[in-house]
Amino acid sequence: MKILYWGTPEYAVPTLLALHAAGHEIVGVVTQPDRRRGRGKQLMPSAIKVCAQSLGLAVFTPERIKTDVGCQKELADLNADVSVVVAFGQILPKSVLEQPPLGCWNGHGSLLPRWRGAGPIQWALLEGDSETGVGIMAMEEGLDTGPVLLEQRLPISLDQNSHDLGEKLSQLTATLMVEAVDLILKAGVGTEPERLERLNVRYQGQEMSYARMLKKEDFQIKWGDPALRTHRRVMGLYPSAMTGWRNKRLKVLETEPLIERLSDEISEEARALLGRWRTGEDHPGTVLGCINNVGIVVSTSGCPILIREAQLEGKGRCRAQGLVQQLAASVGDRFQSF
């Protein structure tokens, strides 16, 4: 099978490696152009570009594939049988979708039609979904609207952050895409309706939700929220949820909500703290306790929340006792909105 691969972040690397290892001919890799990143704002290649070059594959980096007619022709001349897309970062135009005879297929990190769009992993965590998964979808001009060929579900635990969940979903995408490509090859060529009928795809229902682009304010911890919502913000937007501490930014990296009904899902250290503080008596964001070797307990609009790991502006990451010592917090101190 001659495959044209489209992807950009680290999330897309396992699928490229899996397809290459399965013996398919990767005729080209399309990724986003090099971007300036980090403190030094150095021009850096995407994770997929680095991976593709290590495999000796041809790389294409259109700034905007929709209007880059020259790149579109170069890709058409590769005569790929199929296009595989995982987190590319641009919407493919109809002219590109119609190029490969076996279609364009996308590995999407949600249970479609829930969380169509660019941030399905983050939104599944932010909204407290009990499960998520991966779908292999035939691409259309609409955003993540196509019929689903394969799908696999994955439970979400309370202690998972977006990085950990993303790693699991990226590996799951790789496994599922290799299986999907074999099915697509066996189904053979024909009109799109004929191919999709032979593949017995599932058409998406109408009860959809959209994973909108995240805004700056989404990353700001709102201590007036309940503990569980604050926890979901921290874990869903890992490692970027932030608050203020003595006029410096503090990235909050790991929390546990001190909620009785979640006692089976939190750590032994957190369970030992249940019931020690009366709910809602202190101003949200107030330090209620600095627990040696555990972390810092903070008030919310409801039950308290335990901060287990954080990173103060200009400092390294600290957890448990190191966090207590670095912040030098006292009961009654307050975190600030930033």
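Quick reminder: no glycine exception, Cβ is built from N, Cα and C everywhere.
Note that the structure is predicted; figures quoted are calculated from it, not measured.
Taken from Swiss-Prot as is:
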type    : residues               : note
BINDING : S110, L111, L112, P113 : (6S)-5,6,7,8-tetrahydrofolate binding site
Surrounding CB atoms that lie within 10 Å of the CB of S110 ((6S)-5,6,7,8-tetrahydrofolate binding site), all protein chains: 24
Number of other Cβ atoms within 10 Å of the Cβ of L111 ((6S)-5,6,7,8-tetrahydrofolate binding site) across all protein chains: 20
Residues flanking the (6S)-5,6,7,8-tetrahydrofolate site, with Cβ no more than 8 Å from the Cβ centroid of S110, L111, L112, P113 and excluding those residues themselves: H108, R114, W115, R116, P120, G133, G135, D144, V148, Q204, M208
Number of Cβ atoms other than its own within 10 Å, given for P113 ((6S)-5,6,7,8-tetrahydrofolate binding site): 18
